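A.B. asks: Have a look at this one before I ask anything.
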Amino acid sequence: MSEHAAASRLRLSGLCFLLQILLILLFALLVRYSPEGSPGPCPPQLNCSRRSPDSAFQQPRIQDVHVQVLLSFGLLVAFLSRYGPGSAAISILITAFSIQWAVLIQGLLYFFLNGKIYVGARSMVSADLCTAAVLISTGAVLGRVNPVQMLLLALLEVTLCTLNEYILLTLMGVSDSGGSLTIHTFGAYFGLMVSRVLYQPHKDRRKREEQQDKGHQMDVLAVVGTIYLWIFWPSFTSTTTAHHSAENWAVLNTYFSLVASTMSTFVLSPLLYEEGTPRMVQIQDATLAGLAVMGMAGEMLLTPFGALIAGFLVGLISSLGFRFFTPVLHSRLKVQDTCGVHNTHGLPGVLGALLGTLLTLLATADTFGYRLELVFPLVAQGSRTVTDQAFIQLSALPLTLLLATLGGCFTGAVLKIKVLRCCPAAQCRENPGLREV
């Protein structure tokens, strides 16, 4: 058994070494800093019209997004509260690799010129957002995959997530600044399909037995996770909005939605559970749902009362989903949603896309004013009608679900390869969340 564990540890060490050396070589060959955000002269081949936005974009927004991704997504929301410090270390490993890989893959599609990838502040933020989708997916399979499998999942998902984003935002012209589709929906259903392929009922029962006594610890950490969500997520949602005025709308709409979704938890929880007051984990889940639903609609023409209605309804739907749909998801569809990503990211992401489609029908010059060109430039230019744009927004939903489903099935099949299914024995004893698949 010791030889088996040593071989497994060497496999992880060797894979990390090879991946990092490969990344260093690729960065050396391809990646350069973009001159758009520097004070010096700009080469004529590059479009320097975005120099000022990129320069103003840097420190506060990078900090907010990175804190949000690492702490709220990676540690406190899904991993640390359920699986302990060992899983937190794995989430940091996934974050470190995914950011580097996303910079390269996104750079080839968005920032590639004359054989080089030019990176700036926006490159790092885009990589962070892609990493968020990966961390959402790992929340659906945590406990049944080892670190080597996690790295391979990140390698494949970053590539497919970037492809989905490129098709939606660049080729189709979809408006999804906060990532209802590109982050929440894709990440959730990608992870759920991986979980479906890796379904093992006997290990799911063992996992539940190991977690029976962790309720208090989960609540304590959920307090910290929820506070981070309230502080950093509104700026996370507004990171890629088209203009500062749209950014303010996204921040305010997100705040209105999250407060209403939190209130809805106190409406349903006393009716659905024996506890008179909702546990912090339930409040955290409702907060996530209210935030995810604003991903697409945040920068659109959504009034304050509209954001309150959307947040309140999605909070109710998410709570009902945890109580009634999650057992069906497991018993009938054989999907083991380890951290409840379907009700906190997947379903709110879908509802956010539908809300964004509805709001697109209001995108006229009379209602949006000068902001129409910022949010829907093709409509403002006359290249598309409002109806065409709404149809494209709606068609992006099944396309995202299709890519996430196919990508998740393929990734799950890869992770089931026998040579990848070994988990270090010592690591499994220390971290019950990391078991052999």
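Residue numbers in this text run from 1 along the chain shown.
Just so you know, glycine gets a Cβ as well, placed from its N, Cα and C.
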A.B. asks: Labelled transmembrane segment by TrEMBL, one stretch among 251-274, 347-370. Can you tell me which?
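C.D. replies: From TrEMBL, the annotated transmembrane segment range turns out to be 347-370.
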A.B. asks: Below 8 angstroms Cβ to Cβ, which residues of this chain, lying six or more residues outside the transmembrane segment (12-31), approach it?
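C.D. replies: Sequence-remote neighbours of the transmembrane segment (12-31) are 93, 97, 100-101, 103-104, 107, 115-117, 119, 146-148, 151, 155, 424.
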A.B. asks: Which value does the mean pLDDT take for the domain 'Ammonium transporter AmtB-like' (25-419) in this predicted structure?
C.D. replies: 80
A.B. asks: Tell me, please, if the transmembrane segment (390-415) and the transmembrane segment (90-113) are in contact, taking contact as 3+ Cβ pairs under 8 Å between residues separated by 6 or more positions?
C.D. replies: no
